[in-house]
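First comes the structure, then the notes that go with it.
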């Protein structure tokens with residue numbers, strides 16, 4: 001029982017059957033998975049896992065909760081878990097999203113972490129349903145060797161289990177692993193397993209009891225740049241004069257194998273495919289349509305290497321860092337843009353206003369370790385509340401900007417470990433009286449008025465003692 | 001000065017008409033000045049529009065870094081700032097070695113804006129400080145010239161200064177350097193001096209010392225003021241123009257100004273100890289003697305006075321001789337005779353090139369060429385002589401000052417390109433006077449010739465506002481001597497009017513009449529005046545076109561970003577920032593970077609890395625050490641750099657894209673400066689028959705020195721021929737390996753190359769012996785030089 005799932009060192013070591021005869025809660029006992037198929041996509045540095053589970057209720061009572069379990073090492077890197085169920089017959093199928101919540105179980109073996117899927121309709125006894133689960137893992141490919149020279153390509157380890165970790169009995173299961181290229185140095189064999197092209201197949205395995213685990217290690221080439229934003233601060237400033245100003249501060253790092261020794265520009269320029277194959281040359285940011293006054297700079301000034309393409313549905317900003325990022329190299333930069341307010345600000349029926357904006361990072365194929373979204377509401381707005389589709393940490397701040405007196409309320413939301421799948425919309429509700437818009441112009445004009453009055457007064461007053 | 005006050009005919013209606021016109025003129029000149037300010041500000045924004053809002057060049061980056069420190073840490077921390085990120089391992093006491101005026105100014109502006117909740121970044125404030133202060137400078141020019149020749153000349157001079165290319169070159173947006181505020185301070189100090197001289201008011205004298213204090217805070221060029229004003233005072237005394245106003249203008253300035261100047265840490269006791277300031281003290285003594293003599297003269301009868309003079313002269317001569325002897329002994333005891341290197345090179349233009357190569361190596365310390373005069377002051381160069389003549393008609397205290405100013409600044413600008421900047425305001429003022437006088441004469445004669453405007457009153461009404469205000473100031477001046485006790489100077493023009501109203505109001509008309517009479521005699525033929533007027537306008541237009549061109553094309557480049565226009569659009573070379581950004585993100589924060597001193601300020605400001613030498617060239621030996629390392633072969637260079645704890649070496653290389661001011665072109669200066677301290681580096685070793693070359697004819701010393709190797713390492717692999725686009729030749733040695741350095745970063749266009757020092761190899765017994773026996777024969781000859789070679793071992 002001693003933590004086989006943590007056995008990173010144990011290459012190719014197979015440990016079967018974590019058999020549990022202990023009592024489980026009733027809902028666990030009477031479910032079983034008749035067929036499971038798992039597809040792991042390793043083509044980028046974000047690991048995408050598609051899990052298709054055919055769940056069958058073998059018990060006598062109807063249940064609506066299905067548990068997913070993850071080994072703790074994976075659970076730490078788990079960015080998102082989604083579950084879908086297909087509804088309707090044949091052609092008219094629609095996918096329905098199900099609620100997924102992290103769950104704590106008191107007697108989890110080896111600190112396994114659980115997520116509960118709540119089915120829309122309880123599964124009656126003897127019935128079965130198919131659930132599609134998608135989960136994304138970040139930082140799950142470990143570069144080995146950890147340091148590479150410019151001309152070497154990047155090799156990584158991926159660790160998982162050949163068998164799906166599940167609290168249920170699985171009758172039949174198969175795992176397909178897709179590697180980015182055909183270059184696979186080694187992979188753990190758990191018969192039956194074979195490799196064809198860019199795909200490694202494990203299974204089918206029959207009849208495995210709950211908590212079966214069989215560690216596998218795949219060593220393969222992955223030259224996609226590991227673009228990781230260590231910290232991203234997005235500031236969305238609402239101006240009721242019609243503009244939404246977004247400022248995004250990035251700390252970007254290439255989290256792949258560290259660059260070692262020489263960087264030769266002549267090699268890099270003359271043989272780009274062989275040299276620095278895993279280097280990060282450019283990034284693509286997908287911005288909302290009708291974006292204007294885009295800038296891309298860092299603390300020492302404008303970075304000239306960027307292109308903006310706009311059409312009616314989206315805008316794409318292609319940015320190149322000042323220098324190509326090799327493994328371990330960092331860069332910081334700021335992207336800012338303005339957006340027309342009417343695309344994002346709406347009014348509710350009860351006279352409140354709300355901002356509807358995307359939460360995550362606009363860069364494609366990028367992991368964000370820590371994201372802070374700050375929504376700066378106009379001066380004088382009250383009762384802010386944020387609605388975010390996933391759990392975030394929230395608090396309020398006050399910011400003083402152009403000629404503010406009382407300051408602007410800032411709704412701050414923080415979240416760790418984000419992937420592009422988090423680019424869903426969130427809403428910030430607040431109340432605002434339009435009269436506050438006039439505060440600053442009035443203040444300015446009265447200041448000038450007073451100044452001129454003072455001038456006139458000064459010119460008409462003679463303070464000299466002698467006449 | 002001496003306006004005739006004879007006529008008594010009073011015409012009240014004309015007088016009220018006059019005040020209205022004056023009021024209108026006042027409003028008009030206010031708006032003209034406002035527009036001049038806008039012009040001065042906006043003509044300097046080309047760099048922001050064409051490039052970006054960024055700090056330019058080298059020194060501004062240091063000032064920017066200091067300002068950042070000031071805004072972050074506060075003023076007390078700033079005074080005590082010891083910077084350990086530069087001049088490693090010596091460090092630099094920034095608070096005590098920097099002119100704080102610019103930094104404090106920008107810091108104050110930033111603080112003010114932020115306390116009003118206007119969240120501008122420090123960088124933005126720094127970028128726009130120079131344009132703002134050039135607007136101030138043009139207003140100060142207006143005031144100064146107004147003191148000399150009236151408002152018309154003032155406005156003309158202000159508009160000329162607002163766009164004089166020489167000043168634009170130092171004050172475009174982003175050029176955040178001392179000169180940006182110093183020129184304003186210089187002109188304003190001169191204005192207050194002349195104002196005091198004209199009014200004899202202690203109030204202005206005090207303001208003058210404060211303005212001088214600001215100037216001392218801002219720029220080392222303050223010595224120009226503290227020498228020019230004494231010269232002018234002396235001139236006034238010698239030409240018999242001594243007056244109590246002169247005394248009030250000068251004595252408080254010396255006392256207060258010196259006290260205040262000594263408060264600035266970088267000046268400190270230099271304000272009384274160095275030769276630059278002695279002239280002011282000497283003249284201070286002289287003016288007191290003269291004042292005393294005038295006083296004695298007043299209370300003694302002429303006969304007694306003569307006796308007193310002979311007595312005093314004999315005693316005084318003896319005392320003077322003694323004092324001068326002591327002074328000379330003191331001065332002579334110091335090695336540079338009490339003068340700093342830069343000042344000496346001003347007095348003796350050949351001094352720097354003979355003794356201090358580090359001063360001579362800076363391009364802006366070279367004497368200018370003739371085209372650069374045309375480039376920098378353009379048509380003003382032709383207007384200046386006319387302006388000088390106008391200053392003599394009639395010569396007043398103020399106009400004699402302008403003549404002296406232009407004469408000295410022409411000399412100084414001839415010595416150093418950089419001092420063109422001091423010439424520019426003088427040239428603008430004199431040209432403003434010339435243009436204004438010319439317009440005055442020409443329009444006057446046109447009006448006179450035109451039919452229907454022959455009556456006196458109408459001639460008077462047609463006079464330009466400059467003329468009337470000049471007349472007015474003349475009057476005020478003329479009144480001064482007889483009723484100074486009553487006439488306290490006030491800043492309100494309104495008051496002046498009232499005083500005038502109390503006096504017999506006929507003066508103005510009488511004077512105007514007299515002027516009209518004079519004008520009738522001086523009137524030029526109509527055609528001639530129209531044509532010359534047109535020519536003058538064309539000349540002005542030419543000046544404007546040239547200035548705008550200079551601002552837009554010649555002086556707006558920030559020099560850290562280069563652009564070229566090619567067929568497929570604009571091409572940007574942003575290599576410097578690429579390298580600095582790489583350094584700042586991918587090296588350890590305490591790593592030391594060695595480069596030639598030009599890039600020191602930028603490296604500390606943009607990359608935040610410790611440098612060995614920077615643009616504040618205060619330690620010649622240290623710079624010579626880096627120069628020596630660059631001109632030594634690899635092994636010796638490695639040892640020098642290693643002893644300085646250097647981890648990275650940065651070189652600038654323009655051979656690939658043809659960027660001419662790269663390190664290879666500066667290399668001879670490194671050799672010269674290095675050789676000045678470490679004699680084993682000899683300039684002839686790097687020259688073939690006196691020619692500097694890097695092709696196959698180059699000397700082996702040249703081809704083996706570190707700079708050559710770091711610049712051209714693997715260069716041949718770019719095009720196969722290793723053709724250097726700057727030197728327009730193929731390089732001499734194409735294939736070589738580096739043993740003690742490794743390339744860690746090269747920018748996109750190869751402009752900056754960064755190498756890392758390889759760590760010491762582990763000693764292997766057999767190998768060490770072998771290499772020892774091999775090197776012993778060669779090194780024995782070098783042994784004698786090794787002691788001196790590396791001062792840090």
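Yeah, the Cβs are placed from backbone N, Cα and C, and that goes for glycine too.
Please treat TrEMBL annotations as automatic predictions, because they have not gone through curation.
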From B:58-78, B:352-372, B:373-393, the residue range that TrEMBL assigns the feature transmembrane segment: B:373-393
In contact by Cβ distance (the transmembrane segment (B:278-296), the transmembrane segment (B:373-393); 3 or more pairs under 8 Å): no
Stretch-averaged pLDDT - the domain 'STT3/PglB/AglB core' (B:590-649): 89
Range from B:93-113, B:150-168, B:180-205, B:278-296 with the greatest count of C-beta pairs under 8 A to the transmembrane segment (B:211-235): B:180-205
Candidate ranges B:23-43, B:93-113, B:150-168, B:521-545 - greatest C-beta contact count to the transmembrane segment (B:180-205) (under 8 angstroms): B:93-113
Intrachain neighbours beyond the transmembrane segment (B:125-144), with Cβ under 8 angstroms and 6 or more residues off its ends: 33, 36-38, 40-42, 44-45, 48, 53-55, 60, 63-64, 67, 102, 105-106, 109-110, 113, 151, 154-155, 157-159, 161-162, 167-168, 170-177, 180-181, 183-184, 187-188, 190-191, 194-195, 425, 428-429, 432
Highest-contact recorded stretch vs the transmembrane segment (B:150-168), from B:278-296, B:400-417, B:521-545, CB pairs under 8 Å: B:521-545
DSSP residue counts for the domain 'STT3/PglB/AglB core' (B:590-649), split into helix, strand and coil: 33 helix, 8 strand, 19 coil
